[in-house]
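The next block holds one structure in the form of structure tokens; read it before the comments.
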């Protein structure tokens, strides 16, 4: 079975549904010769991820025909959900559902005959509301924890942009150094510090992390350089509970909308 692919914007396409399947999905096995070499697919086979995790397919080289490549990738899930393809780079194709995956969904990816599967865990969603300065965590639709926070300050243009992010990775500690993006450490807005319990949610250096120095500001005002500051105890809970693909939604910030094409802006595409 061949899917018809309709372009809906630069680098984006939506597959017409196979009979009985939602838009973007095709549960039939791929048959034929794949128009690309052996791909690398994430999430890895057998893994469990959060409900905002996209499917990431890295090809070993440039793809001659992007539509043919999309047609050779069959995505299916139980329960089935509509979704879409989009190109993050000339050698990387992604697919995501139009809305978050349902909790405990099983997903199968047949990329030109190479078959992978993964599943989602609980629907664990963190919503950072800059009006209240609270980070509200829901699990499967029920509020589980409300955490006082401090996001990016307006001074220096450090506001955390509005948008839907998802956990990329987490590290027990990381050195944050403003000179890595051109701001000298000894300048007004410069810094170099080691932070603990760091959960990265974009590819531009933003984390949810422990910030004992700003506990007095958390729940009241924004004082960070763009990260989401929370207390050490709350950071430990967040670090222990959140993992790859779990969504973090920022709203009511004065920082505009997350539009950086940094490889993690899937939910703005």
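Glycine is no exception: its Cβ is also placed from the backbone N, Cα and C atoms.
Whatever TrEMBL says is automated annotation, not expert-curated.
Copied from TrEMBL, the annotated features are:
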type	residues	note
ACT_SITE	209	active site, proton donor/acceptor
ACT_SITE	227	active site, nucleophile
DOMAIN	124-251	domain 'L,D-TPase catalytic'
SIGNAL	1-15	signal peptide
Mapped DSSP class for the residue listed as 'active site, nucleophile', helix or strand or coil: coil
Local Cβ density at the residue listed as 'active site, proton donor/acceptor' - other Cβ atoms counted within 10 Å: 25
